[in-house]
Amino acid sequence: MNHQELRAVTWTAAAEDGRPALSLIDQTALPHTLERLAVTTVDGLVDAIVSLVVRGAPAIGAAGGYGVALAMAQAEREGWDRARLDAEVARIRAARPTAVNLMVCVDRVAPRIGEGLPAVLAEADAIVREDLAANRAMGAYGADWLLKRVAAAGERPLRILTHCNTGALATAGWGTALGIIRELHARGRIETVYADETRPLLQGARLTAWELAQEGIPHYVQADGAAAGTILRGEVDAAIVGADRVAANGDTANKVGTVGIALACAYAGIPFVVAAPTTTVDLTTPSGDAIHIELRGEDEVVEWAGIRTAPAASRGHNPAFDVTPGSLVTALVTEQGVREVAAGELPVVGPSGA
């Protein structure tokens with residue numbers, strides 16, 4: 001299965017039990033099993049978001065948009081009043097506090113509840129179409145910018161480092177950072193990709209490597225702790241990552257471990273690129289200091305496959321994200337173009353991207 005066929009989030013009018021459902025690729029089962037889960041309740045959707053069955057800010061946003069429709073269908077079956085429906089929609093909106101796309105998409109779809117289910121589904125479908133188009137635009141903008149910026153490479157293919165998963169699994173399709181990598185590969189300009197394993201849940205080793213393997217893109221999976229050394233040895237031309245939220249000053253929240261990559265890139269003098277749709281840019285958040293960082297369960301870092309790996313007396317510290325200062329972001333790529341944030345261009349969002 002390639003990116004053309006891969007859709008992490010789809011709406012099904014009637015699941016096996018006849019109820020409307022949100023069909024999600026179970027990303028906790030990859031790379032060993034590709035299976036879909038049919039989610040028919042708000043409880044099921046919130047659990048799927050929290051447990052990372054569906055993950056990646058744009059994909060979570062799409063799930064949130066369709067989640068409003070899911071809540072409406074459940075409300076009709078179970079006789080909820082409007083206050084209960086609004087409360088359940090609010091639960092979906094709050095399921096992952098760092099990923100701003102979830103809030104943006106729920107807030108976009110929810111006002112159409114009064115128009116009925118077809119109107120809500122139409123808005124959710126539009127979100128998915130727009131995200132897919134945005135990803136393709138980001139791929140082209142990012143590839144063009146990198147090929148000009150990494151002039152030392154000449155005509156040789158590039159060596160790119162990436163972190164976490166930012167591909168079709170994390171979006172409506174194609175991908176953000178991985179979309180740029182896909183575009184470079186399509187142009188014959190990828191030598192290899194270094195995919196950080198991305199502890200503790202291994203989104204890089206399990207998901208990014210799986211997507212790269214599906215398309216025959218040469219790659220290595222490396223330990224997160226190897227990233228800085230790989231960069232400083234001159235084995236990387238640029239790092240490209242995604243984002244869960246970009247503040248008005250360019251500070252970027254992304255999967256924990258990102259800021260260390262940015263620091264290594266700055267020291268080595270190579271580009272550190274963030275790729276994210278404008279729905280991830282939150283101009284109401286002035287800086288990274290105002291971004292809520294989700295803390296996940298301690299068991300994810302003190303256990304492995306259900307087996308305790310740390311002493312019983314040890315506590316686990318498990319922030320899901322970190323914040324990279326805008327001063328370290330060489331470029332922010334959105335569907336509107338490229339903003340050189342570290343050089344002083346702020347991530348302004350507008351009709352022209354100017």
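Positions of Cβ are set from backbone N, Cα and C atoms, glycine also.
What TrEMBL records for D244 is active site, proton donor. Under the heading substrate binding site, TrEMBL lists R55, G56, A57, R96, Q203, N254, K255. The site 'Transition state stabilizer' annotation in TrEMBL covers C164.
Projection of TrEMBL feature records onto the structure.
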residue : record                             : Cβ neighbours (10 Å)
R55     : substrate binding site             : 27
G56     : substrate binding site             : 31
A57     : substrate binding site             : 29
R96     : substrate binding site             : 22
C164    : site 'Transition state stabilizer' : 28
Q203    : substrate binding site             : 26
D244    : active site, proton donor          : 29
N254    : substrate binding site             : 28
K255    : substrate binding site             : 27
Diameter of the substrate binding set by C-alpha atoms, the set being R55, G56, A57, R96, Q203, N254, K255, in angstrom: 17
10 Å Cα neighbourhood of C164 (site 'Transition state stabilizer'): matching recorded positions from R96, D244, N254: N254
Euclidean distance between Cα atoms of the residue listed as 'active site, proton donor' and R96 (substrate binding site), Å: 10
Reduced DSSP assignment, K255 (substrate binding site): strand
Subset of binding-site residues (G56, Q203, K255) lying within 10 A of D244 (active site, proton donor), CA to CA, in sequence order: G56, K255
